[in-house]
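A short write-up of the structure that comes next.
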Amino acid sequence: MEFFKVTLSILVITFLSATLSVAHPGFYVGWGGNGFGSFGLFPEFYQFSCPQANDIIMSVLEKAIAKEPRMAASLLRLHFHDCFVQGCDASVLLDDSSTVVSEKKSLPNRNSIRGFEVIDEIKVKLEESCPQTVSCADILALAARGSTLLSGGPNWQLPLGRRDSKTASLSTSNNNIPPPNSTLQNLLTLFKRQGLDEVDLVALSGGHTIGVARCTTFKQRLYNQNGNNQPDATLDKTYYYGLKSVCPRSGGDNNISPLDFASPARFDNIYFKLILWGKGLLTSDQVLFTGSPGTTMELVKRYAEDEGLFFNQFANSMIKMGNISPLTGFNGEVRKNCRRVN
């Protein structure tokens, strides 16, 4: 008789676990701990609720990046600028409303953050296939991975299950996202605030192997780096003269220059080689090598020598960044439209 009671108990727990997992992917009825289950991120989160999610996202990305290769970097940056504010919760996607002051107007984002229409298109297709299932926060994480991969970079097992915030924070966006003229110490402080170390800093900075920057973000280096009307002494002279032709002393703020002029659309390790040669575009790029002798300088050298090592660490650091304060379980929501709360 006792055997049948135990068997029945196992069947009931298994049924409850399966039912809850389908209704709320990420819910486990555990055998250990308190037995009430737990919420967390894991790669198979949409295995049953929306198994085609990544295929849908990749099909939209392939067209968008083929049309404009720069879009890959823009989508990678969107994920970064999301996670560094309130955690990876898609707050960066919210437009102004009666209850939201959009992060799109912050100093790091204004006139430069982009890719929203691609996210909109992905969301529409996902809502058609799997209504209110895939969060905008997970779309950002998957789009960042897909953009890296389509540009020739690494792939990684991406933990999923983030939910979307109902709030945004303009002030935190202004204060937490590293500015392009950051000193090394400032970069280390802002990354440490997110639980990221100097290895993560150098590896994630390697995302600048694709994309462009506006003249306004590096003009100070060309004309008045230390308040003395002189260029940054760490700039390679030939590179300096080339940049001056793109970015004049007055005007031209929205002119653009590739962050990695050697292979601007290909995800590779040439970004680090350029830094070794004094050809990092932003102050925040070059200080990884010149900021002070130490770990960041050594990592720049190692990643310049070994692309596989860089790819491996970039993937690990992207996973780590994607785990910054996610909303899970019953926290937040899954937005129907990424630009506004439900």
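Yeah, the Cβs are placed from backbone N, Cα and C, and that goes for glycine too.
According to TrEMBL, the features are:
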| type | residues | note |
| --- | --- | --- |
| ACT_SITE | H81 | active site, proton acceptor |
| BINDING | D82, V85, G87, D89, S91, E103 | Ca(2+) 1 binding site |
| BINDING | P178 | substrate binding site |
| BINDING | H208 | heme b binding site |
| BINDING | T209, D260, D268 | Ca(2+) 2 binding site |
| DISULFID | C50-C130 | disulfide bond |
| DISULFID | C83-C88 | disulfide bond |
| DISULFID | C136-C338 | disulfide bond |
| DISULFID | C215-C247 | disulfide bond |
| DOMAIN | 40-342 | domain 'Plant heme peroxidase family profile' |
| SIGNAL | 1-23 | signal peptide |
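In this view, H81 (active site, proton acceptor) is surrounded by 22 other Cβ atoms within 10 Å of its Cβ, with every protein chain counted. In sequence order, the recorded positions near D260 (Ca(2+) 2 binding site) (Cα within 10 Å of its Cα) are H208, drawn from C50, C83, H208.
Cβ contacts within 10 Å of S91 (Ca(2+) 1 binding site), excluding its own Cβ and spanning all protein chains shown: 28. Of all Cβ atoms in the protein chains displayed, 18 besides its own lie within 10 Å of the Cβ of G87 (Ca(2+) 1 binding site).
The Cβ of C130 (disulfide bond) has 16 other Cβ atoms within 10 Å, all protein chains considered.
Checking each of the recorded positions (C83, C88, H208, T209, C338) against the residue listed as 'substrate binding site', the C-alpha distance stays within 10 Å for none of them. Only C88, of the recorded positions C88, C136, H208, T209, C247, D268, have a C-alpha within 10 angstroms of the C-alpha of D82 (Ca(2+) 1 binding site). Sequence-distant contacts (6 or more apart, same chain, Cβ under 8 Å) of C50 (disulfide bond) comprise L126, S129, C130, T133, V134.
Here the candidates are the recorded positions D89, E103, C215, C247. The one whose C-alpha lies nearest to that of C338 (disulfide bond) is D89. Put simply, the residue listed as 'active site, proton acceptor' is 9 Å from C88 (disulfide bond) when counted between their Cα atoms. Cα of C215 (disulfide bond) to Cα of H208 (heme b binding site): a span of 15 Å.
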